[in-house]
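Everything below concerns the one structure shown next.
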Amino acid sequence: MKILRKNHPLLKIVNHSFIDLPTPSNISSWWNFGSLLGMCLVIQILTGLFLAMHYTSDTTTAFSSVAHICRDVNYGWLIRYLHANGASMFFICLFIHVGRGIYYGSYVLSETWNIGIILLLTTMATAFVGYVLPWGQMSFWGATVITNLLSAIPYIGNTLVEWIWGGFSVDKATLTRFFAFHFILPFIIAAFALVHLLFLHETGSNNPSGLNSDSDKIPFHPYYTTKDLLGIFLLLLVLMILALFFPDVLGDPDNFTPANPLNTPAHIKPEWYFLFAYAILRSIPNKLGGVLALVLSILILAAFPLLNTSKQHGLIFRPVTQVIYWIFIANLLVLTWIGGQPVEYPFTTIGQIASVTYFATIIILIPVSNTIENNIIKL
């Protein structure tokens, strides 16, 4: 078997990626989230496949087809709730994975980091079109509001919106194409994930100390396969608790009402994992400015490798930047809270302050703290 996995053309790739891969001996549990994301993707593709067998992408039957899945299909309710809550688990793992990358300076592996940003954007697009499919009130109005933002693009905006809608409003054509996108995008995510791994294995993994670990590496199997298995079991435990005991806790009550273009919900908001970006969008009174801020809230991650002037790798020995990092995380939580609140005082003001803080932390505070720490080292 050992000879086969080392020499067989196909098994050799698997062997170099998951078995004999030289891995730093000191990587912590924060490095588990890559494998957990892979597990989440597999769960989402499998549950999504079974849901697609019973779902109909037609405005007249979409809502009732989801009800049919939950009531009449064997374990349909479980598949549906695993898929819905699996998306939340996916984003929790994604945010922790990105947060770990920022904390430990993984952004210096620029190709891997940039592919990761593309993966994040693709996953957000997939989740958005997926949220429209049940065709509840929040699905319909969420699709209307978010797609309508594209009309802020000069010259081509209105044409682009109508092209995406497939008509003059969100309707049957929109739902059908969103279903097509939602079906194909996870496979594109899987392809990007392989490219992400390819670039990562070219350079080797980062580690908590931020030091070169070439002299101290161990094989991935059995040490990190067992470690990842523990993480996977814990993820499945949390997912099953969510799906079985609190299936609707992360959903929106408005989505239990079929879509009605004549009745607007009191407060239109996306799923919880988009609320931070939604709060940034709403904090700018200008439509085009809001759209640009929304896009930049994700794309600004690409600035981390460019703004990195620190002589040290990661934040493990950098107390000043550590404080700024945790302010950044707390600020993100504030933005998430604000995104779910109505557009009124004092929430609008808090949102504007938090939005400015979000960008200022990355563009100003972290580079300044890098310079301060570099000067402290010289003393």
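Just so it is clear, glycine is given a Cβ too, placed from its N, Cα and C backbone atoms.
What Swiss-Prot says about this protein:
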TRANSMEM  33-53  transmembrane segment
TRANSMEM  77-98  transmembrane segment
BINDING   H83, H182  heme b b562 binding site
BINDING   H97, H196  heme b b566 binding site
TRANSMEM  113-133  transmembrane segment
TRANSMEM  178-198  transmembrane segment
BINDING   H201  ubiquinone binding site
TRANSMEM  226-246  transmembrane segment
TRANSMEM  288-308  transmembrane segment
TRANSMEM  320-340  transmembrane segment
TRANSMEM  347-367  transmembrane segment
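Projection of Swiss-Prot feature records onto the structure.
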| residue | record | CB count, 10 Å |
| --- | --- | --- |
| H83 | heme b b562 binding site | 21 |
| H97 | heme b b566 binding site | 20 |
| H182 | heme b b562 binding site | 22 |
| H196 | heme b b566 binding site | 21 |
| H201 | ubiquinone binding site | 15 |
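In this chain, the transmembrane segment (226-246) touches the transmembrane segment (77-98); three or more CB pairs sit within less than 8 A of each other, excluding pairs fewer than 6 residues apart. The secondary structure of H196 (heme b b566 binding site), as reduced to three states from DSSP, is helical. By number of Cβ pairs under 8 Å, the transmembrane segment (178-198) is matched best by 113-133 from the list 33-53, 113-133, 226-246, 288-308. Contact check: the transmembrane segment (288-308) against the transmembrane segment (113-133) gives at least three Cβ pairs closer than 8 Å, residues 6 or more apart, which meets the contact criterion.
Counting same-chain residues at least six beyond the ends of the transmembrane segment (113-133), those with a Cβ under 8 angstroms from any Cβ of the stretch are 55, 57, 62, 66, 87, 90-91, 94, 97-98, 101, 106-107, 139-140, 142-143, 146, 174-175, 178-179, 181-182, 185-186, 188-189, 192-193, 195-196, 199, 270-271, 273-274, 298-299, 301-302, 304-305.
DSSP gives the residue listed as 'ubiquinone binding site' a helix state.
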